[in-house]
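Each remark here refers to the structure printed beneath this line.
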């Protein structure tokens, strides 16, 4: 029962991370306008994401526009797009594999070794997905912080960390924790199999404590 509860917890964490992966990929709040120094134009907010940029003004609804061409994008944005697309696909694959390997499903029968191997694969993919999310999120956050403290960049062009970056760090943590839970089942199952094998070896029929008494022979001397 405890194992099933841990599997459900790992699946929930991985599912939250998967939903977060899709959300941060679509969100435009990766880079937001920073109101510093003389830049006190608070009636306009600029959002910049992987696919579009948006402008929000007072008494005007949000206006968004997709980037015109991929070739004009900076390399960091192109690489972030590719990594997040791969992360989305891997998160779905890991989630489906985890469902197949759980004890509450009958997709693979009652073979515990096969189930533990499937859960190990799901855990590794979950962890890999979390690492893939960390790369673009931390990369863009580092660029924002570097440009923010660069005096050569005008205040109106400086940006602040958006909500998508924070959600990316949280989603990555959920994916890595959920993947670690699934990976732990394989190590626990391996230790259990080793213990059972050693127990059978110690109590098997190959060793006997019975001492056979040989009959004594009498020699007669003539």
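Our numbering is plain: 1 for the first residue shown, then up by one each step along the chain.
Cβ atoms here come from the backbone N, Cα and C positions, even for glycine.
Marked as transmembrane segment by TrEMBL: 81-105 (among others).
The transmembrane segment annotation in TrEMBL covers 117-141 (among others).
Residues 3, 6-7, 9-14, 16-18, 20-21, 23-24, 27-32, 47-49, 91, 94, 98, 101, 116-117, 119-120, 122-131, 133-134, 136-137, 140-141, 144-145 of the same chain, all 6+ positions outside the transmembrane segment (161-186), place their C-beta atoms under 8 angstroms from a C-beta of that stretch. What TrEMBL records for 161-186 (among others) is transmembrane segment.
TrEMBL lists 203-222 with the feature region 'Disordered'.
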Same-chain residues at least 6 beyond the ends of the transmembrane segment (81-105) whose Cβ lies under 8 Å from its Cβ atoms: 3-4, 7-8, 10-11, 14-15, 17-18, 21-22, 24-25, 50-51, 115-119, 121-123, 125-126, 128-129, 132-133, 135-136, 175, 179, 182
Distal contacts, the transmembrane segment (117-141) - CB-CB under 8 A, six or more residues away: 7, 10, 14, 17, 21, 24, 30-31, 76, 79-80, 83-84, 86-87, 90-91, 93-95, 97-98, 100-102, 108, 161, 164-165, 168-169, 171-176, 178-186
